[in-house]
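Everything below concerns the one structure shown next.
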Amino acid sequence: MLEIRNVNKSYGERAVLQDVSFTVGRGRMTGFVGGNGAGKTTTMRIILGVLSADAGTVSLDGAPLTAADRRRFGYMPEERGLYPKMRVHEQLVYLARLHGFAPAAAKRNATALLEQLGLGERANDTVESLSLGNQQRAQIAAALVHEPEVLVLDEPFSGLDPMAVDVVLGVLQSHAASGAPVLFSSHQLDIVERLCDDLVIIADGRIRANDSTDALRKQHGSSRYEILLGGGEGGTGDAGWLREVAGVSVIDFDGGYALFEAGDEARAAVLERAVASGQLASFGPHEPSLAQVFREVIR
Amino acid sequence: MSTTTTPRTARTAPSMMSSVGLVAGREISVRMRSKAFLISTGILMLAVLASVMFGGLASQNPELTKVAVIGSSADAASSAIAATDSLEAVTADSLEQAEQMLRDGEVSAIVVPSEDAASANPVTVIGLDQAPSDVVGALSIRPTIELLDEPGQNPFLIYLVAIGFGLVFFMSAMTFGTTIAQSVVEEKQTRIVEILMSTIPVRALLAGKVVGNSVMAFLQIVAIAALAILGMVVTSQKVLLGTLGSSVIWFVVFFAIGFVMLAALYAATASMVSRSEDIGSVTSPVMILVMLPYILVILFNNNPTVLAVMSYVPFSAPVGMPMRIFLGTAEWWEPLLSLAILVLTTVLTLALGSRIYSNSLLRLGARVKLSEALKR
């Protein structure tokens with residue numbers, strides 16, 4: 001388990017991270033979301049030891065991280081970085097060797113990984129000659145070529161087409177399945193929703209939530225319901241009367257549709273009245289999307 | 001997928017040395033593959049070879065003056081000419097033919113034995129319309145000359161050697177200094193530096209760059225020095241080799257250390273900017289340090305005071321000290337003292353450079369202020 005505890009970091013007067021603590025479990029895909037400038041990249045750099053924290057610790061399975069531990073991390077920086085004029089394969093071999101691999105093993109890993117990511121035919125092209133999507137795959141290969149035991153990826157999916165997203169997703173999931181903690185940040189909440197087991201939400205340098213996605217959804221949607229009222233002949237109904245029911249607070253309203261929060265008693269009253277009106281088309285508990293959870297959490 | 005099914009490959013954490021070696025190796029292999037680098041090295045080599053040849057010609061005796069002698073048999077005229085080292089005898093069949101050669105400008109004068117054997121001069125010089133003073137001078141009996149001081153070097157040769165040391169230092173330092181600056185900014189600009197920093201210590205990265213480029217610069221200088229010495233041997237300039245040889249070797253030694261210092265400065269200053277377009281402006285102070293010795297040695301190669309100061313200031317010592325050794329104005333211990341000063345300065349520069357480098361690497365965007373780069 002990767003554990004970040006009470007990490008603080010400031011640049012001059014500006015506090016970028018305040019008391020940041022969260023955990024990334026083994027075998028768990030953990031999404032790290034937050035607005036621009038919330039502190040995601042700084043946190044990741046501190047985990048990797050590229051930046052040093054002003055205070056706080058980062059530990060793996062209870063032991064503080066050492067440079068040797070970090071060498072077993074796979075890292076993908078936010079802004080992509082590879083040598084533009086170096087060949088893809090050669091570059092991967094170089095990075096693997098910097099991580100301590102012998103030349104033969106480094107070559108074998110690079111070749112296998114490029115095949116796996118669908119870049120086998122581009123192995124001897126220079127990075128700058130690749131399309132953006134392929135550069136992105138090469139970047140992911142660079143994070144994985146040394147068989148990392150922990151993955152920290154900053155925006156791994158930005159710039160990928162849906163096919164490439166699936167390929168990368170598969171690779172990351174197989175890493176998580178083999179027991180590696182995987183932490184990745186993303187702006188694309190729909191991908192995060194599909195992919196991650198746990199979620200860490202950061203805003204203004206503070207951690208606002210750190211839990212499994214299921215728990216977060218429940219927490220933010222337990223007393224919410226959606227109702228759809230149909231009109232007499234296929235027209236839309238009017239759910240306006242909901243506002244008059246005691247104990248109901250309407251969150252969203254559009255003609256026959258309403259999203260509302262209500263206790264058990266109020267819910268029963270609403271349902272009864274809807275059935276009586278003869279207009280009820282659907283009714284059910286509301287499962288908030290991660291985007292909604294996110295908006296609420298950082299509010 | 002293979003990442004889950006294949007057993008983890010055994011690996012050992014690379015030592016500092018092997019990290020430095022890998023980084024240096026990459027720097028060298030990238031450079032060796034660059035056509036621009038190979039071509040510019042070739043041109044520099046040719047320029048050095050040409051100047052050695054030219055310098056050889058300049059230091060040799062001027063072309064022999066041709067004079068006509070009549071008949072091929074040995075007489076007073078031909079033996080007098082043979083005794084000089086600036087005249088060459090051209091044989092004419094008769095006096096008429098010799099006069100014709102003189103009028104045609106093929107010879108500068110005609111030398112014949114004096115008619116009066118008892119004359120103080122054994123030969124008579126026949127000129128065209130005025131006395132051929134160089135021939136007369138060569139045939140005159142000179143008084144014995146004694147010098148109180150050692151004979152100095154030929155001023156023209158001094159000038160050439162000054163340009164040689166200055167230019168080679170300037171060109172090599174510039175080429176590899178700019179190379180290291182570009183390599184630093186490339187890593188910063190492409191952000192691969194983050195991956196590198198999470199893999200190996202920053203010091204290893206900087207050291208690898210400095211070592212890689214210094215090795216290349218050193219090899220180039222050694223190749224140039226070898227070429228220069230070879231050129232002198234081939235053109236049989238034994239005299240030049242004797243006086244220049246030791247200063248060339250000192251030059252290589254000083255350059256090897258001086259360049260490490262410059263490389264650290266180039267890497268540190270370049271790390272303060274994020275775009276390759278800004279390299280020029282940020283490295284210009286270092287560039288001036290590289291250019292100054294070149295300009296000074298050309299302007300003041302005959303000024304002992306300036307040369308003495310230059311030979312101790314670390315930035316100009318690689319040019320100044322070999323120059324003084326060539327001129328024979330340096331005591332035996334002076335290069336050693338200057339070298340010690342240079343080594344010390346280099347160590348300090350490396351410490352300072354490494355601090356600027358590691359403080360600036362992650363700061364993108366605007367140029368990093370020097371005061372911030374130096375912060376602990």
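A Cβ is built for glycine as well, from the same backbone N, Cα and C atoms used for every other residue.
The model shown is predicted, which means the values in this text are computed figures rather than measured ones.
Database features, via TrEMBL:
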DOMAIN    B:35-353  domain 'ABC-2 type transporter transmembrane'
TRANSMEM  B:36-58  transmembrane segment
TRANSMEM  B:156-180  transmembrane segment
TRANSMEM  B:217-236  transmembrane segment
TRANSMEM  B:248-267  transmembrane segment
TRANSMEM  B:279-300  transmembrane segment
TRANSMEM  B:312-330  transmembrane segment
TRANSMEM  B:336-357  transmembrane segment
Query raised in the report: Any chance the transmembrane segment (B:279-300) and the transmembrane segment (B:156-180) are in contact, meaning at least three CB pairs closer than 8 A with a sequence separation of 6+?
Result: yes
Report task. Using Cβ atoms only, state whether the transmembrane segment (B:36-58) and the transmembrane segment (B:248-267) have three or more pairs under 8 Å that are 6 or more apart in sequence. Result -> no
Query raised in the report: Do any residues of this chain, six or more beyond the ends of the transmembrane segment (B:248-267), have a C-beta under 8 angstroms from a C-beta of it, and if so which?
Result: 165, 168-169, 172-173, 176-178, 180-181, 184, 206, 209-210, 213-214, 217-218, 221-222, 225, 228-229, 283, 286, 289-290, 314-315, 317-319, 321-322, 325, 335, 338-339, 342-343, 345-346, 349-350, 352-354, 357
